[in-house]
Amino acid sequence: MSPRNPVAAWEHRPRRSGLSLLVGGLLLLLVLGLVSVCIGVADFDPVDLVRTGSQGRSMRLFMVSRVPRTLAAVLAGSGIAVAGAVMQMSVRNRFVSPTTAGTTQFAVVGLLLVALFAPGTSVLAKMLVASACAVAGSAVFLWLLRLLPHRRTSDDVTVPLIGLMLGGVVGAGTTFVAWRYDLLQSLGSWTAGDLSRVLAGRYELLWLVALIVLLLYLAADRLTVASLGAETATGLGLSYHRTINLTIMAAAVMTAVSVVVVGSLPFLGLVVPNIVSRLMGDNLRRSLPIIAVGGAVLTLGCDVVGRVVRYPYEVPLSVIMGVVGAGVFTVLILRGVERG
């Protein structure tokens, strides 16, 4: 028997499932956070933490290393996942993300420029230069998309391939310059996501990511309207191009900050938004909190796995995330081709 009001039933269904997903994600994030602060090469005794208070060794380890690392994973993961989601809505393609649009690679270019011309500069200055390069890279990507015939811009495979080729060319040039000036080791630390170097005083820039995520949530309805296309959005009274440009800039800045602090996180901005979209639909107001929590859970989970799989050694976060993300990305590509 069909429900008396099927429309109302359908409207309420995503909200209930969204709430359950959000609560479940937060609980899983809490568990992973507790595990994260308790594991590591150095011994950590929670009992000693309570007994000695702020003067004990466990408290210093807790506040200087374990908590900053956990918060960095949560903030960076949330930021990259949300960046991927808003980029996908702006370009109207499911397979666009910071790593498949060249944004991450251009952020690394900014760090390379700082290392070449101002090696002793502050972390804030590095973030500003990397952000400027990331914004420029996103603009180049959008410009290349505009050169395509309109009938091709909606092709699920063509758009990310353009971004991957752009990122490949930029990455190759960056590697050559780094090799020429003996900066390959530094380049490796930027391109490989790794939380082992995160300490108190070195991750605080990531709180800017949290602020941008909050602003994007407040503008979620505008972004949802913009994802309907220029004609529809303009007809509804929205300044389409301004909204898209500001959104892409926000995504680029979040990407750059994450690269400066923790390095590149491959496929994160691709996998999480696609999974949440399949479960929740395209209403960004409802899905954005779950995307943020999902990105944090995936990042923190991969970090925990990397710390225990070869204990007491660590597998870099980007390696674990690359394996997971590449597999999911391949499945999404194949399904997109089958539907096309």
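Here the Cβ of each residue, glycine as well, is placed from N, Cα and C on the backbone.
Taken from TrEMBL as is:
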TRANSMEM  21-42  transmembrane segment
TRANSMEM  67-87  transmembrane segment
TRANSMEM  99-118  transmembrane segment
TRANSMEM  124-145  transmembrane segment
TRANSMEM  157-179  transmembrane segment
TRANSMEM  199-218  transmembrane segment
TRANSMEM  248-276  transmembrane segment
TRANSMEM  288-309  transmembrane segment
TRANSMEM  315-334  transmembrane segment
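Just going by CB pairs under 8 A, the stretch in 21-42, 99-118, 157-179, 199-218, 288-309 that sits most against the transmembrane segment (248-276) is 99-118. The transmembrane segment (21-42) and the transmembrane segment (99-118) are not in contact, since fewer than 3 Cβ pairs between them lie under 8 Å (pairs 6 or more apart in sequence). Of the ranges 67-87, 99-118, 124-145, 288-309, 315-334, the one with the most Cβ pairs under 8 Å to the transmembrane segment (199-218) is 67-87. With respect to Cβ pairs under 8 Å, the transmembrane segment (157-179) is most closely packed against 99-118, considering the stretches 67-87, 99-118, 288-309, 315-334.
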